[in-house]
C-alpha cells in the first residue's frame, strides 16, 4: 500500500474506480487491492467524477497548509483551560453540597461516563479527522445540517457578550487589591450604608443579624455593579466607565493572545492554564489552617444517600457535567482541527475530561474551607453562609474571607488573578471556535486576513458587552446566562449527535476514527453515541422545559416580559437550522422526492466536492 500524502491515509495501488462500491459500507481497501471502493473514497474526503474518471479533492483533503500546534502540550493545555472555567469554581461546589455532598459524586461520575465524555471524545475526533470548524465540517458529514454550525456561532456570540464582563469585575478587584487596605474590608467608604457590619475573628463586640450586610457585599453591589442606580431591567442606566475600561483591557489581552492563531494562544495557555492550579493549591493549604475550615469540608463531602432518590439530583449532575466539559460550543472541533491527523485524541479526551472532574472536586475543597471559616466568623451554619451561587460566591463570600486573613492583599491578588486566567482560557477557546468557523467557511475572502477578522470579532464582542457594564448590566448578564446557553445549546448538541450517529452513521464515524488512530472505538462508545447520549441530552432538555425559570438577582424579581425576551434569545440560534435546511432544498435542483433521495444517499453519506479535479495519476505522485 502507498501512504496517501493527504492526511496520511492508506490508499490502494490502483485508483481504477469501482462504481458498484458506492454505499457498500466497506471499511476501506485492503493491501494489494486493485479496485478502489468508491464508498471508502467518499468517506475520506475524495469524490469520484464518473464523466472524467477523476477523483476530486474535498474538504479536509485540502488542509495540508493548515497550521498545527507547536507541541502536543499546547493543545492539551488549551483544551484543559477551556473545560476548566469559572463554573468549576462557583457552580460545582454549590451543586455538590446541595445534592447530597459526597453522594452527589455517584450521579456526577455516571453522567460523565455515559454522557459527557462520549460527547467530548466525539467532538475531538470529528474536528481532528475533518480538520474543519463548526460550519464547514458539515459538508463532510451531512450538508443539510449545516445550520447547526451557524447556530453554534450565534450561541458563541451571546456568551462573549456577557462572559468577559465577569472577568472585568475580577480585573477591578485585582487592581483594587494593590491598595494599602482592601476597599471591601471596611465600612467607612462612600458607598457603604448603615447596615454594613464588619466582623473580625474573635471580636465579640459585633454580631451578625438578618439585616446585616458585609463590606464585601456592598463593595460588589454598590461600588462595582452600582445596581442601586438602576431601577431594573427596563432602565439599565449609563455605562460604568471604570468597568468599561476593565472590559477593554480584557479584550485587548484576548486579541493579542489569539490574533496569530494557535501559534500564539498555544504559548499563552502555558501561563493561563497552569496558574489556576498553583493558586488553588496555595489557597487550599492556607484555607486548611483557618478556624472552622474542616467544618466546611465535612459539610461539603458528608454524603446524604437519600437524596439520590430525587430526580433533581440526577438532572443537576447531568447539567453540571455537560456545561463543564463544554461540547456543542464548536470549540473542541476547532482546537482538534489543528492537531496532526494521527494524534491520539482518544487518550486526550480521557485525560482532559478526568482533569476537569478532579479540578471541580479540588475547587470544592478550596471554596468550602473558606465557607467553613466564614461560618465560624459569623457564628452561623455553613448552609446559611453558602446560600449564594455564581459570581456572588466569589466576589462576596470569598472576597470577604480573604479580607480577614493575614497578608490579605497577597491572597486577594492571586485569587482574582486566578479568576481572570480561568476566564481568559475559556474566552481564547470560545473565540477561536468562532474564528476557525469563519475562516474555514470563507477561506477565499478571510483566509489571509486573520488579524483583521480577529480584530473585527473582538470589537463586535466589546460593543455587544457594553450593555453588561451599565449600572443595571448585571441584570443582562443574568438574563443571558440563564437563556442563551440553556435549552438552545442542548438542542443544538442533540441535533449534532443525531446527524453524526443516525445520518452520517456510527459505523462510518468509527471507521474514520480507525483511519486516524489505527483501532475501532469499542462497543461501549458506539452504544453511547447511538443511544445513550441522545437520551442523556433529551433528559437535560426535558428538565429545562419542565421547570419554567423564575430569575431573581439580589432581591430583584425579573418582570414577566423578561421571560419572553429570554425565550426569543434562546430560540434565535435554533432558527438557523430550519432556515438553512429550506435554503439547501431550494438551492438544490430536482423535485422534493429527488431531494429526499439525495439527502439520504448523497448529502448525508458524501462530502461536497471542491471544484479542483485531481487526476488519479497525480495522486500517486
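A Cβ is built for glycine as well, from the same backbone N, Cα and C atoms used for every other residue.
In TrEMBL, the feature transmembrane segment is placed on 350-375, out of the ranges 350-375, 376-401. Looking at 147-175, 176-204, 205-233, the range annotated in TrEMBL as transmembrane segment turns out to be 147-175.
Recorded residues residue 187 (disulfide bond) and residue 81 (Na(+) binding site) have their alpha carbons 37 Å apart, per Cα-Cα distance. The transmembrane segment (350-375) shares the most Cβ pairs under 8 Å with 314-338, out of the stretches 147-175, 314-338, 410-431.
Highest Cβ count within 10 Å among the recorded positions 84, 187, 196: 84.
Packing against the transmembrane segment (452-477) from elsewhere in the chain are residues 157, 160-162, 164-166, 168, 225-227, 229-233, 235-240, 243-244, 247-248, 251, 254-255, 258-259, 431, 434-435, 438-439, 446, 553-554, 556, 558: each is 6 or more residues past its ends and has a CB under 8 Å from a CB in it. Residues 119, 122, 126, 138, 141-142, 145, 148, 151-152, 155, 158-159, 162, 322-323, 327-329, 526, 529-530, 533-534, 537-538, 540-541, 544-545, 549, 566-567, 569-574, 577, 604-605 of the same chain, all 6+ positions outside the transmembrane segment (483-506), place their C-beta atoms under 8 angstroms from a C-beta of that stretch.
Other Cβ atoms within 10 Å of the Cβ of residue 422 (Na(+) binding site) number 29 in total over all chains.
Cβ proximity to the Na(+) site centre (mean Cβ of 81, 83, 84, 88, 324, 356, 422, 425, 426, cutoff 8 Å) flags the following additional same-chain residues: 80, 82, 85, 87, 326, 359. Proximity of distant same-chain residues to the transmembrane segment (268-294), defined by a Cβ-Cβ separation under 8 Å and at least 6 residues beyond the stretch ends, is recorded for 73-74, 77-78, 80-81, 84, 201, 257, 359, 362-363, 365-366, 369-370, 372-377, 401, 405, 411, 414-415, 417-418, 421-422, 424-425, 428.
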